[in-house]
Structure formats: C-alpha cells, structure tokens
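What follows is a single structure, written as structure tokens, with notes after it.
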Amino acid sequence: MPSSISWGLLLLAALSCLGPGSLAQDAQETEASKQDQEHPASHRIAPHLAEFALSFYRVLARQSNTTNIFFSPVSIATALAMLSLGTKGDTHTQILEGLDFNLTEMAEADIHQGFQNLLQTLNRPNTQLQLTSGNGLFIDRNLKLLDKFLEDVKSLYHSEAFSTNFTNTQEARQQINSYVEKGTQGKIVELLKELDRDTVLALVNYIFFKGKWKQPFNEEQTREKDFHVDEATTVRVPMMNRLGMFHLHHCSTLASWVLQMDYLGNATAIFLLPDKGKMQHLEDTVTTEILTKFLKNRQTTKSQLYFPKVSISGTYDLKDVLSSLGITKVFSSEADLSGVTEEAPLSVSKALHKAVLDIDEEGTEAAGGTVLGNIRSTLRYEVIFDRPFLVVIYEHHTKSPLFVGKVVNPTQQ
C-alpha cells in the first residue's frame, strides 16, 4: 500500500424532463402540507441546500456567460455530506460550512438525518414521476475502511459498497461507469474518462429524474424559430407553443418573467426569463426567499407561451468550484480523512459531476387539455422564451432544489 493515497470522488446527476404543462392545484398543496408533517428532517436542511445551489450557480456563472449551466445541488451536496462522515478537523468544518451548514445552529446528527430522510423520500415509488438516486462506494480490495464509516454511509446514505480492483484502472473505470449508466437509465455514459493510478476509493452519487408535464404541448404545433443567444448570435430551435392557463407573471424585482410548470407527481420547474439585457441583474438579485415566495404565491393567467425544446448537459470538475466556496483541505495533502481509514493518508484527487437536461412536448396524453375552447378569460400575455433563461426544478415533498441551470444556447451540447 503506497504511503500517499488519493480518493477519487465522483458525483453526477441525470435529468430527463419531458413536456411543459400547467401548474399545481389545491390538491397538490394539500398533499404537500401532509408531507410537511411527515418529513421535518429533510425540510430542515432544504433552505441550506437552496443557498448552496445559488452559491454554486454563481461560481459557474462567473466563470463563463456564454455556456449552458446545469447541475444537481442535491447530488453534489449528498456526496459531500456523505464524505464528511469520514473527515475531521478543518477538512470536516470546511465541507459542512461550504454546504451552508452552521454547527452552532444545527446539530450534525440532524444534518445527516435530513439527508437520510431526503434520500428515502426521493426513492419512494411514484407511478407518475420517475425519480431515483443512489450512492456507490467503490473500495480497493486491499483497503480496510473503518467499520463506523462503512456503517454510517450504508445506514444514513443507503450506499452500496463494491469491492474494486483499482490496480487495473481500466477494469475499475468500467465498473464505475457501468454503475452510473445503469442508475441513470443510459443517460450518462462514460462519465469517467480516466482513473488516477493511486486511487483506492471512489464515491459515486447519481440522481435520475424523468417527468411529464400535466398538460403537454402538442407536437404538431412545434415550429422552427429564432433563439437569440446574444446580440451577435442567433440559432434556429424547435419552438413549442401552447395557449393556456399558466402560472406566469412579471417580477419587477428580478426584471424577469416567472413561469412555473408542474410535472405529474410532486415536482415543479421554475423558469426565469430576464428582460433583454437583464441577465446579470437577475443572477445578482435572485434569492432563495424570492424563489420560495414564487412557489407559495402563484398567479394564473391566460397566455400564449412559446418555449424551446432543450437538450443540454453540464460536466464539471468540482475541485475548482468547491474551492471557491471554501472547500479546499479535502483536495490537498492536508486533508484529514482519518475517519475513513487508518491505513494511510487520503485526499480527494478527482471530483466530477455531470447532469443532463431534456425538455420536450411529451405528456401522458398526446394533446389532452391543450385546447382552450371553453376558457373565456382575455389573453393577457404572450411570452416567448427566445433568449437565455434560468431553470430551477423543485421536489415538493422535500422542498429541495433537484436541479439548477441556465440555458444560453439550446443547441449547445
């Protein structure tokens, strides 16, 4: 066993969102209130996950304003929280504080119970919404982990443990990639392109989401239209459209249109379309409090909506992003992962995250409920998503942001 060992930490998320539709009804709010009583543990960590999500987003947005952004804060936070079980000292503190937790305000046991409850809820069978997540621990067959760490990651994070031959990097890479590909139903293939030779432990998290809109768009109405990436760049995209009742309003604080669309089941997508030239203002101004207020106070109007079909992905080396959030020790020779194993010093050599977003017309019925012949209210808005916009996808039962992103160019893979 070498004296210096690196731990490869891999994080990923896959999302397939199929077809926009109108938003939640009173029944959904009633169900959500029942869930509030059933799942207080996950609700306690939800505000912190939301703050982490926005902080993470802003780091990525500062790095580039010309590329799409898409990631799963729940996936990244889950992997880091699980990793924190084996850390000590400053390494431990940095991870939890980087996730927006303050141990003087919330006991660490409550944090891990929150994640345990979150994972249990997300993996609950749902006939209307496909939502699954998983944690895999790939352990070198010659490495002895501490019993407590192994017990905690299995009981709190429902992690599966796999014996892995890391001396054969090609075999180990294939084993990890196969686990990810299976968990994401083939949406993410070959996440891990290469594996460091001194890796002895890999932690993998995935989340898979496939939702259908309550009221889908009619595919026959989709037409090619212009999407203005910036003042100098215009691309042609398939633009869906529907006349209907939408949870849609203009927010003067954000200088943006706010559109909320529910999935069958228990998730909602919030789309934020800034006024022309106001993307920077939106990114600087949006807060978790504002987003929460949108979810609680919905305004329904009859509108003509134009929305692009989207297929984008985001792949990130988390080391740079997390370092900007103060999580640095775990990636250095000063890392204290003595709660994982006592055999040799560990540090995280690689932290990868990939998320995939697909949005199209599809719904449970081909065109059910899409024609508004009996709705007599006056058409109030015509809103066209033909320029960059933000998206946040919330899971209602846990009150958590599953995915966050920015669509700059729908044709950019």
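Heads up, the Cβ atoms here are built off N, Cα and C, so glycines get one too.
The signal peptide annotation in Swiss-Prot covers 1-24 and rests on sequence analysis. Annotation comment: Swiss-Prot describes GLN25 as pyrrolidone carboxylic acid, evidence class sequence analysis. Per Swiss-Prot, the feature N-linked glycosylation site maps to ASN65, ASN102, ASN165, ASN266. Marked as region 'RCL' by Swiss-Prot: 368-387.
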(message) Between the Cα atoms of ASN102 (N-linked glycosylation site) and ASN65 (N-linked glycosylation site), what distance do you get, rounded to the nearest Å?
(response) 31
(request) Would you mind checking how many other C-beta atoms are within 10 angstroms of the C-beta on ASN65 (N-linked glycosylation site)? (result) 14
(request) Pop the mean pLDDT for the region 'RCL' (368-387) in here, whole number is fine. (result) 59
(message) Can you check which residue among the glycosylation sites ASN102, ASN165, ASN266 has the largest number of Cβ atoms within 10 Å of its own?
(response) ASN266
(request) For ASN266 (N-linked glycosylation site) and ASN165 (N-linked glycosylation site), determine the Cα separation and express it in whole Å. (result) 40
(message) Return only the integer: C-alpha distance in Å from ASN65 (N-linked glycosylation site) to ASN165 (N-linked glycosylation site).
(response) 41
